[in-house]
Amino acid sequence: MDDKKNEDVEMRNFNGRSSPSQRDPFISKPGAAKRGGSSFDLSNVTNSPGISILAYCLASISMTVTNKYCVSGSNWNLNFFYLAIQSVVCIIAIIICKQAGLITNLAPFDTKKAKTWFPISLLLVGMIYTSTKALQFLSVPVYTIFKNLTIIVIAYGEVLWFGGSVTPSALFSFGLMVLSSVVAAWADIQHALYGGGATQTKEAADALSTLNAGYAWMGMNVFCTAAYVLSMRKVIKKMNFKDWDTMFYNNLLTIPVLFVCSFVFENWSSENLTKNFPLETRNNLILGMIYSGLATIFISYCSAWCIRVTSSTTYSMVGALNKLPIAVSGLVFFAAPVTFGSVSAIFIGFVSGIVYAWAKVRQNQSKGSVLPTTQPVMSASSQSNRDAAKA
């Protein structure tokens, strides 16, 4: 998911906090490994910034590639079922890790918290479903580029509801994100219409129809993702969730919703199941579905690991830089069209991610260096929320 959809997966699993108390029970602390007489010291690996960054990048790329592989079959139409299997595998993995003592800060299931969190889970279903549909119709590079538009919607949502602000450098990065999306769409449409050197044909019309469906799903995903992130931010402060609690409730509460949606809206006839799971690729597809569930754990682990041994600043820059290999993976593994337009769009999107990460770093540094002697400017709705909280 996802991102994949790796961005979707991170938002699905983690609440964005990175306090050591929430990460350390799962990731070894520096010096925690035993220093015996053996030549190999595990702490050299667990405390290596380079290895943690590489692991995070590989986990993100593998998640995106796996999701694209699973949903890109010519007859695939069981997206709800696929996402349900992901959540089931993730929950099983969390329970096993807890029983093995790898996760020690997962609180027992609370029915009251589940009821409060359930609306957020419904928004999550909308986010991950539209994400897989967009990935099904669009190439990985185009999907990755358009995913940046979510950042813009979330940023202005924070301005409206949480009193956030948009700096000039962030605004410049938003312009680059929009430009990269326009260039990517133009390159995609040009390749669909004239990629074979011919003029408009039935095949070109079908390809254009597929792209239009992908853009429609991508647009819905942008707003579903923003709604999920902003709503989660508003509710999570009341829940006192730790990172693994967020992952557990998100995946557990979506399981019944996804299965019900699958049984109601998807075709479960034997003929359709055979089309979705053809004999020649059935085993690989099942393995991919299982791995995609485990990959949500891997990405969450690698995210916390990367933040622990580097810094949140480095992690944000790695996330921006990671856009490039994810987009390139689509060119390598799925034969996405390599044209001047597509390469230019990838490059512009890559630069926009770096500029945005740099803008956020500067904004955070300026906040930390200025004493809060005045009341910050905020929107009316944000002020009313703050006044209500004080009441």
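Every residue number used here counts from 1 along the chain in the order it is shown.
Note that Cβ sites are derived from N, Cα and C of the backbone, with glycine treated the same way.
Copied from Swiss-Prot, the annotated features are:
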REGION    1-28  region 'Disordered'
COMPBIAS  1-11  compositional bias 'Basic and acidic residues'
TOPO_DOM  1-44  topological domain 'Cytoplasmic'
TRANSMEM  45-65  transmembrane segment
TOPO_DOM  66-75  topological domain 'Lumenal'
TRANSMEM  76-96  transmembrane segment
TOPO_DOM  97-115  topological domain 'Cytoplasmic'
TRANSMEM  116-138  transmembrane segment
TRANSMEM  142-164  transmembrane segment
TOPO_DOM  165-170  topological domain 'Cytoplasmic'
TRANSMEM  171-193  transmembrane segment
TOPO_DOM  194-209  topological domain 'Lumenal'
TRANSMEM  210-230  transmembrane segment
TOPO_DOM  231-245  topological domain 'Cytoplasmic'
TRANSMEM  246-266  transmembrane segment
CARBOHYD  Asn267  N-linked glycosylation site
TOPO_DOM  267-284  topological domain 'Lumenal'
CARBOHYD  Asn272  N-linked glycosylation site
TRANSMEM  285-305  transmembrane segment
TOPO_DOM  306-313  topological domain 'Cytoplasmic'
TRANSMEM  314-336  transmembrane segment
TRANSMEM  340-359  transmembrane segment
TOPO_DOM  360-391  topological domain 'Cytoplasmic'
REGION    369-391  region 'Disordered'
Same-chain residues at least 6 beyond the ends of the transmembrane segment (76-96) with CB under 8 Å of its CB atoms are 1, 70, 103, 106, 125, 128-129, 132-133, 136, 244, 247-248, 251-252, 254-255, 258-259, 261-262, 265-267, 272, 276, 289-290, 292-294, 296-297
Comparing 45-65, 116-138, 210-230, 340-359 for Cβ pairs under 8 Å with the transmembrane segment (171-193), the winner is 340-359
The transmembrane segment (210-230) and the transmembrane segment (246-266) contact flag, 3+ Cβ pairs under 8 angstroms: no
In this predicted model, the topological domain 'Cytoplasmic' (360-391) has a mean pLDDT of 52
Other same-chain positions with a Cβ less than 8 Å from the transmembrane segment (246-266) and lying at least 6 residues past its termini are 12-15, 77-81, 83-84, 87-88, 90-91, 94, 106, 109, 113-114, 117-118, 120-122, 124-125, 128-129, 236, 296, 300
The number of other Cβ atoms within 10 Å of the Cβ of Asn267 (N-linked glycosylation site), counted over all protein chains shown, is 12
Checked against DSSP, the composition of the topological domain 'Cytoplasmic' (97-115) is 8 helix, 0 strand, 11 coil
DSSP tally for the topological domain 'Lumenal' (66-75), helix/strand/coil in that order, comes to 6 helix, 0 strand, 4 coil
Across the topological domain 'Cytoplasmic' (231-245), DSSP yields 12 helix, 0 strand, 3 coil
